[in-house]
Amino acid sequence: MKQIVNKNLITLKCVLFCFLAGIGCIYPFLPLHMLSIGLDRGEARLISAVTPCIALLGPAVLGPLIDKLSVGRGSTGGSTGPSGSGKLLRIITALCLILSALFYSLLLAVPYTERHEARRPQVLFMCDADGGYVMQEVCTEGMRCNRWDGQKSGVLAVGACEYGCADENMTWVMQPFTTTSTTTTLSPLYNSVANFTTPTPLPTEEPEDDADFEINPPHLCYNGRCLVYMQHANRLRVPLSLLAPELPEDNSTDENNWCTYRTAGPSKCIVPADRLEDINPDGGECKPAVRCQVLDPYDEPDGVLANAECRLVIGDPSYTFWSYFIIRLFADIWPTAALALLGAACVIATRETSLGRGDVGRQLAFGTLGLAIFPPLAGLAASVMPETPYLVPFLLHALFMLIGALILIVDSHMPLSTPEWWWHTATGVLAMPMNAVRRYDAETAAIFAVVALLGTLWSGIDAYLPWTVLELNGTTVSAGLTMTAGALPAIPALWWAEALVDYIGHSNVFIAAFTFYCLRYTALAYSTTYTWVVVSELLEVFTLSLVWVTAVLYFRHLIPRKYTTSGQALPVIAHFCLGRFIGAIIGGMVTLEETLESSRNIYRALGVLALLCAAVYLALYHLLLAPRCASPAAPPPTHLLQGLNSNGASNGTYSPMRVYHEERSRKGHFRY
């Protein structure tokens, strides 16, 4: 009976199980964790887009480094003796898992910050003979006034300017404005000097009581230049510079809670003598002044009060962002590097027989069990601990990574040393180096580009999918279940992946992946419930699982054995670094007002792109490349069969191994 489980590979399966379980416990919750500590979505999108660019340093550096250090030490393509590189690969992979556990756990120490939606307090402009100043209601969020260094220059748009008597009790200041707009033929704005002569309006064009106002309009003088407010104009843009309050007692009036910002340059407003009787008919104590309503103080183009809204801020948003950003930059390097090294370990440990197939897919299938089981459990733990919702997922990630690292360190018999000809002695079948079939740089670059494009489409969905789940009234458990929905169908597919890819052909797998991406994006674009998200995730077996094992197998054949680790780093860099970077940028191009609807528009556009890629790839490969570049059938190299005869004897000095070839196998000519 054929052995189903290779006992020599049990520990490798356990490592993959722990690694993918750890990834599943943390990956769907990273976008949610960023929001939970107070980062806004713009900052979260920036982090999601930048970190993959730094993460590629892991596989890009460690892959070639291991290949270089392994030369002459029983390397990944070296001698038949005990392999020093087997230990090297195990230790460096274990180190990557430990560092992943460490840095992601440090994210729990990032301080919390909270920023409430800005409130827009009322703003007035006051001006008298001593100078002009802007009054803003003090922010109730901490009872503070805005501060800045030096002078703050800009424009203040004023309207409804009127004369009155300013007093200490601010009685007149707090009264509603009484002036109304009228029509007149006068120019709305006059540059004036100190002895300005007021033009006389036509007597038939406005009521008599308004005519007095226009005859003596308010003059707002600043830096030797006077602007005249005409009532019919409604809006007068005043360029000025403001000073922040210098002393705490100048922040606001304790009784009325107003902040006062005085002009940086000399300013004044002179009230005409004939207007004093109107504003102070009783002849009492009066400090004549002009007050104006400030129009759109926070939205006026080049406004001096732009970004001066009241904000309730808890903690330090800048410190929270940069500390999370820096830790996350280092954290993403290690699981990305570990994925490449574990891919190389699978290729080396399984080896390929003369039938051209190893057990890479079955190792990944066993590891995918962890990806299917633990994400919803981590989400459940997050939902029942509202005060520290993501503590358990991060700790589970650290736990699984440390267990995987411990297995790698302890198991010195893990089969990571590669015999000269990569054979399975248990099968009695002599193996041949499949990487000798093709070593085309152009083909490697083309497959790299295809995998990067598929990674872009993957990241366009997965980078911010947890946000979409929550916007559809989902929970953290629902976010974890999306990983389960994608992983469960992948288990049987990966179990028979090598035979399936051999039968279908790698290009057809990629073409099918583009087509299924179109279906996934269509489901998300028109989704109104969480059910459609699950349907989209069920199709991930065609767009990620089979794509990934195909990329691993194909780069195994393209790259020489002595560069096995570097070869397995290439698809990781293409898919999970460059593709993830581009996809995160595209997926993040949404409006802040209607995030869900904007995301649906992006999904529709990416669905069309995926379909176009499938059509172009289909046409190029089957109409152009396949007919011209197909490998002709050829027998195995004859030098391997020299000295062998039908009786299994040679020159009498030794009995060479009998070579058996399955009658229907096409060794060396698989559909790659």
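Note that the numbers count up from 1, one per residue, in the order the chain is shown.
Glycine residues also receive a Cβ, built from the backbone N, Cα and C atoms like all the rest.
These numbers come from a predicted model, not from an experiment.
Features as listed in TrEMBL:
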type	residues	note
DOMAIN	9-591	domain 'Major facilitator superfamily associated'
TRANSMEM	12-30	transmembrane segment
TRANSMEM	88-110	transmembrane segment
TRANSMEM	329-351	transmembrane segment
TRANSMEM	363-383	transmembrane segment
TRANSMEM	390-409	transmembrane segment
TRANSMEM	421-437	transmembrane segment
TRANSMEM	444-465	transmembrane segment
TRANSMEM	477-497	transmembrane segment
TRANSMEM	509-526	transmembrane segment
TRANSMEM	532-555	transmembrane segment
TRANSMEM	567-590	transmembrane segment
TRANSMEM	602-624	transmembrane segment
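Counting C-beta pairs under 8 angstroms (sequence separation of 6 or more), the transmembrane segment (477-497) reaches the transmembrane segment (532-555) with 3 or more such pairs. A Cβ distance under 8 Å defines the sequence-distant neighbours of the transmembrane segment (12-30), meaning residues of its chain 6+ beyond its ends; these are 93, 97, 100-101, 104, 335, 338-339, 342, 345-346, 349, 363-364, 366-375, 378-379, 382, 390, 393-394, 396-401, 403-404, 407-408, 414, 465-466, 476, 479-480, 482-483, 487. Across the domain 'Major facilitator superfamily associated' (9-591), the prediction's mean pLDDT works out to 82.
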